[in-house]
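If you check TrEMBL, you get these features:
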- 55-71: compositional bias 'Acidic residues' (COMPBIAS)
- 72-84: compositional bias 'Basic and acidic residues' (COMPBIAS)
- 85-122: compositional bias 'Acidic residues' (COMPBIAS)
- 130-145: compositional bias 'Acidic residues' (COMPBIAS)
- 146-159: compositional bias 'Basic and acidic residues' (COMPBIAS)
- 160-193: compositional bias 'Acidic residues' (COMPBIAS)
- 49-202: region 'Disordered' (REGION)
- 1-19: signal peptide (SIGNAL)
Amino acid sequence: MKFLAISAVAAICAHMVLAVPTVNTNADVVAQNVGVHAGMVAVSSFEVNKKDKDEDSSEDDEISEAAEEAEHEEKMALMKQAKEEAEELQAVEEEAEKEAEELDETEEKAENEAQEFEEEQEPEAKGLEEEKESEDKELEEEQEREAEKEAEQLESEKELELEEAELEKEAEEAELEKEAEEAEPEKDAEEETEKGTVDDKN
C-alpha cells in the first residue's frame, strides 16, 4: 500500500509538471522529458502493482472457491454418509419388524394348532373318560354281584350247617330217647328184683 501511494504521488507530480506552461528551453525540455519519463514509470509501476494485486485477489478467490467447494463436497459426503446410515438403520429396523411379525405369526399359528389339537382330543378324551366311567361302573356292579353271591353262599352254608346241626341234635335226642326206652324194662326188672329181695328178707 505504501508503495502504491508513493507511485500515485509521483504520477500526480508528473502531471502537474506537464500542466504548467513553460518556455521551451533545452533545460526545460530535458526537465520535461525527465518528468514525463518519471510519470510513465510511476504509472507503469502502479499498473504492475494493480496487476499483482488483481492476480493475488484472483488467487485468493480461487483458494476461497476451492475451500468452499471442498467444504461443500465434504458436507455433501457427510450428508450422503448420514443418508446411507439412515437407510441402513431403517433397513435393519424393517428387518427387525419383519422378524417380529414372523415370530408373532409363528406363535399365533402354534397356538391355533394347539387349540385345534386340544379340540380334536377333547371328544376322544371325553369318550375315553366316559368309557372308563362305564367300565368302573360295570366293575363296581360286578363286585357288588360277587359280594352278594358270596354273602348268599355264606348264608346258604350257614343255614346248611344249622340244618346239619339240627339234624345231628335230633338224631342224638332220638338216640337218647331210644336208649332210654330200651333201658326202661331193665329198670323195671331191677326194681322188681329189688322189691322181691326186700320181701324175702321180711
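Here the Cβ of each residue, glycine as well, is placed from N, Cα and C on the backbone.
In terms of DSSP secondary structure, the compositional bias 'Basic and acidic residues' (146-159) contains 14 helix, 0 strand, 0 coil. Secondary structure counts, DSSP: the compositional bias 'Acidic residues' (85-122) has 38 helix, 0 strand, 0 coil.
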